[in-house]
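Just below is one structure, and these are the notes that go with it.
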Amino acid sequence: MSSTDREQWATRIGFILAAVGSAVGLGNIWRFPFQVGQEGGAAFLVVYLAFIILIGLPAILVEFVIGRRSERNPIDAFERLGYRAWTIAGLLGVLGGFIIMSFYSVVAGWVTRYTLASATGAYFAEPAEYFMDIAAGTDALLFHLLFMGLTAIIVGLGIQRGIEMAVKLLVPALVALMVLLIVYGFTLDGAVQGYAYYLSPEPGAIAANWTSILPAAAGQAFFTLSLGMGIMITYASYIDDERSLVGDGAWIVGLDTAIAIMAGLMIFPVLFTIGVEPGAGGAGELFIGVGGAIAGLPGSRIIGVLFFGTVLVAALSSAISLTEVTVSFLIDRFGLDRPVATGIVAGGIFLLGIPTALDLMVLELYDQVTAELFLPLTVFLLVLFVGWFYDEALDEVSKGVSADWLPGAWLWHVRTIILVVIGITLILSIQGLIETLPETIEAIELL
Ligand code: PHE
C-alpha cells in the first residue's frame, strides 16, 4: 500500500484518545498502587515521576518515529525502514506484550468479578479476606476465560471503533468516580497517614533502596505507557505527517500519569483506615483498598458497580489494543481471516494465563519478569536503533515542531542519557531477578 492509501486517524483528538485508551488501564489503577506499596511509598513515587518525564516521554517518541515512518506493525516496521536485523526488537516486544496480556486478563477477570460482587455487596464485610478467596483458583480461571472471550469477540468482529467511542465517555466517568472516592478518602481517619506515606518521602529512602526502586519504577513507567510492546509503534503508524509527535506524546503521558497519581490518592487513605499495611496486600491492593472505601459509602452497591465497571472498560480498551497488534500481524503476514487469527491469539493468551489464575505467586512472577526484563530490554533496543543506527529519526521528529532546538536535544538525550539509564536499570533488574527468583519459585504452590 502506498502511504496515501493507508488509513489515518481522522482527528488529532481521535489518535490521542485511542492512545490514552490503550495507556490508561490496569497499569494505572491496579499496578501502580501495588508497586508504590511494594517499594515503600513516596520514595517510589518520586523516582517514578522522574522516570516518566526524563525517560518515558522521550521514549514514547522513539516508538512514534518508528511507527509513523514505517507505517507498519512492529514486526514488519524494521524491514520497511531497511534495517531487517532489528526485527528482533519488534518480535521481543510482541512476545512481551503477549505474556503481559495473559496475566492482565486474569486481573481484568478479578475486576469483572468485583463489578458483579459490588451489586450484592459480597466483599463489603471483609475486603482483604474476600480478595484472597477469589484471587486464585477455578473462579479466577473462569473470569479469565470470560474476559479473554469478551476481548476476542470485539477484536474478532473488528468493532474496536465502538469501544473507542465508549472510551471517550468512560475516561471522564472514571475520573469523576475517582474524584469522588478521593474526596471520601480525605474524610477518613487514616487520611493523614495515607498521604504522608504516599507523598512525603523519608529522607534517605531513595538512596537506601534505589537498586530495587529504579527497576520497579522503570518497569511501571513502560507498562503504564504501553511501551516496549509494539502498541505505540502500531498506533503511530496511522498518524499523518503534519502532526507534532512531541505534542501528542506529552498529552498522552500527562493524562496517563494524572490518572495513576489519582489512584494512589484514592487508595492509601483507605488502607491506613482499615488497617492494611501497604505492600501487604500485594496484587490485591486496589481491590482491598477501594473495596474497603466503597463499603463505607452510602449507595455503596451502585458506586461499586460503576467504579469496577468503568475500570473494566479501561482494561478492555487496553486489552484490545494489545491483542490487535498480534492479530493484525497474522492477518497481514499469513493472510488469515480475522476470526481465525483472533481465535489463535486469544486461545494462546488464555492458555498461557492459566497458571497465573491458579497461583498468585505465578502471576506476580509473570508480572515482574515482563515489566522489569522484557519491556526495558525492548525499549533499550528501540532506543539504540533510533539513537545510533536510524538516520532519519531527526527529520521525522522535527515535523510540525516549532522549537528548533528541541529535536536535536531529544536525539542527544536518546543517544546518551536514556541509553545509559535504561542500561543500568536492566543490570539492576537482572540482578534483582536472580536474587528473588529462587524465593519466588519456592513459594509457588502449583509446583
Ligand atoms: N498501558 C496499559 C495499562 O496501563 C498496559 C497494557 C496495555 C497492558 C495493553 C496490557 C495490554 O493498562
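From the backbone N, Cα and C atoms, a Cβ is placed for every residue, glycine too.
Sequence-remote contacts of a segment are chain residues at least 6 beyond its ends whose Cβ falls under 8 Å from one of its Cβ atoms, and for the transmembrane segment (12-30) they are 104, 107-108, 111, 163-164, 167-168, 171, 174, 220, 223-226, 231-232, 235, 238-239, 243, 248, 251-252, 255-256, 259-260, 263, 283, 285-286, 311, 314-315, 317-319, 321-322. Residues or ranges marked as transmembrane segment by TrEMBL: 12-30 (among others).
The transmembrane segment annotation in TrEMBL covers 42-66 (among others). Only residues 6 or more beyond the boundaries of the transmembrane segment (42-66), in the same chain, are considered here, and those with a CB under 8 A from a CB of the stretch are 35-36, 74, 77-78, 81, 196-202, 205-206, 209-210, 213-214, 216-218, 220-222, 225, 227, 232-233, 236, 239, 245-246, 248-250, 252-253, 257, 261, 264, 379, 382-383, 385-386, 390, 393, 396-397, 410, 413-414, 417-418, 421-422.
Per TrEMBL, the feature transmembrane segment maps to 86-110 (among others).
Residues annotated as transmembrane segment in TrEMBL: 130-157 (among others). The list of residues near the transmembrane segment (130-157) in space but at least 6 beyond its ends in sequence, with Cβ under 8 angstroms from a Cβ of it, reads 105-106, 108-110, 112-113, 117, 122-123, 163, 281, 283-284, 287-288, 291, 315-316, 319-320, 323-324, 327, 338-339, 342-343, 345-346, 349-350, 353-354, 357-360, 363.
The transmembrane segment annotation in TrEMBL covers 169-192 (among others). Here the transmembrane segment (169-192) has long-range neighbours at 17, 20-21, 24, 259, 262-263, 265-274, 290, 293-294, 296-297, 303, 306-307, 310-311, 313-314, meaning same-chain residues at least 6 beyond its ends whose C-beta is under 8 angstroms from one of its own.
Marked as transmembrane segment by TrEMBL: 212-238 (among others).
The transmembrane segment annotation in TrEMBL covers 250-274 (among others).
Counting only same-chain residues 6+ beyond the ends of the transmembrane segment (280-298), those with a CB under 8 A from a CB of the stretch are 29-30, 33-34, 37-38, 107, 110, 114, 118, 121, 123-125, 127-128, 130-132, 135, 181, 184-185, 188, 263, 266-268, 270-271, 273-274, 304, 307, 360, 363-364, 367. As annotated by TrEMBL, transmembrane segment applies to 280-298 (among others).
Positions annotated as transmembrane segment by TrEMBL: 305-331 (among others).
Per TrEMBL, transmembrane segment is recorded for 343-366 (among others).
The transmembrane segment feature in TrEMBL is assigned to 373-390 (among others).
Annotation comment: TrEMBL describes 410-430 (among others) as transmembrane segment.
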**Fill in**
Tertiary contacts of the transmembrane segment (250-274), defined by C-beta under 8 angstroms and 6+ residue spacing from its ends, are 16, 19-20, 23-24, 27-29, 32-33, 36-37, 45, 49, 52-53, 56-57, 60, 127-128, 174-175, 178-179, 181-182, 185-186, 188-191, 193-195, 197-198, 224-225, 281, 285-286, 288-290, 292-293
**Message:** Using Cβ atoms and a strict cutoff of less than 8 Å, what residues sit near the transmembrane segment (86-110) while being 6 or more residues removed from its termini?
**Reply:** 25-26, 30, 73-79, 131, 134-135, 140, 142-148, 151, 223, 228-231, 233, 283, 287, 312, 315-316, 318-319, 322-323, 325-326, 329, 345, 348-350, 352-353, 356-357, 363, 366-367, 369-371, 374-375, 377-378, 381-382, 385, 389
